[in-house]
Amino acid sequence: MKPQQLATQKFSEHYGYSAAQTVFAPGRVNIIGEHTDYNDGFVMPCAINYGMAVSFSKRDDSVWRVYAIDIDEQDEFDLSRPIEPSEHKWANYVRGVVKYIQEKCPEFKQGADLAMTSDVPMSSGLSSSAALEISIGKTAQVLGDLPLSLAEIALIGQQAENKFVGANCGNMDQLTSALGQKDQVIMIDCRSLEITPTPVPHGYSIAIINSNVKHDLVTGEYNSRRQECEFAAKFFGVKALRDVTPAQFIERAAELQAENELAYKRAKHIISENQRVLEAVEALQAKDMVKLGQLMAGSHDSMRDDFEITIPEIDYLVELAQVAIGKNGGARMTGGGFGGCIVCLVPDEKVEHLRRIIADNYEKQTGIKETFHLCTACDGVHLI
């Protein structure tokens, strides 16, 4: 059963009446451009056909009752009182979004009953948290008929995750969940929020292979990577690493390396990765899948060697996928790192070959069974 149907059904069972409306917000996969978003750089993700559905109805008071179907837990809070953190981690994503919506729209106090469910695998690097934030943001916007654009809802989601949940994420995940387009990857300039849609080439599929090694950004190494990037930006005297050209980096690389080896390696990844994203857009537009595959491979190598966020299981998955796909297409780790998924752009006629190569080898080598998802690029958050 799809999340949209499950949310509607479980809402009725839980609350004893039918939901008025349902919102769906997709997860995302990032084709190329990793950890560049919080460096004001470029990313090239697409929204995917897995996501979070929220069924909801207005109440005649200011209380939100939120039923999390997948874990059978409920949270309740009053919009007419200051919103405090909950002991349930999932509930803080909801509370955080509502809190920061109220900062922008102080008159918003509309109560509601909500039931939500997701088919985005948790801790997979496919943005289950952004899908949750954007679905809640859109729900609040509809409930209060609030004058918020989709980009504003995305930035509120990011704010909630940064300040209320405590994960120092960039804005890519939320922007993609809010602004995704059917059959398109979207290059996002994470500073200007300008979007360049580019069609997924005909005859190619997006395969996502989950290593089933879980990652946890809040307690992981994500925040230290961010600090190392900020150190490097300060070294170059710029607002963010996006402002450093490859030539400027080369000029002072030895000096930075002598001062802070880790900051040097992190900056090397970010600056080269921004360049790869810009070249990837050109490659896609030219339907040059050999070039795109090379850029994806370069991105993975840089994440492994310079940003140091891959793990052996992920590196092995990427090696298997690259062998199976060949030159026309590519594979790389996607998401924050330390587990999660790889993304592949694969010719349709090689999808089953890829699936078989992975199935025959990955579990044998690692002792972990992978999960294989074929995805389509889809629209961002919408009412159903």
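Note that the numbers count up from 1, one per residue, in the order the chain is shown.
Including glycine, each Cβ sits where the backbone N, Cα and C put it.
In Swiss-Prot, the substrate site is described by Glu34, His35, Thr36, Asp37, and among Tyr100, Tyr204, Tyr222 the residue recorded at this site is Tyr222. Each residue contributes its Cα atom, and for Tyr222 (substrate binding site) and Ser127 (ATP binding site) these two points are 15 Å apart. Cβ neighbours within 10 Å of Asp37 (substrate binding site), excluding its own Cβ and spanning all shown chains: 25. Under 8 Å, Cβ to Cβ, and six or more positions away along its own chain, Glu161 (Mg(2+) binding site) finds Tyr93, Gly96, Ser129, Ala130, Glu133, Ala167, Cys169, Gln174. Rounded to the nearest whole angstrom, the C-alpha distance between Thr36 (substrate binding site) and Ser128 (ATP binding site) is 19.
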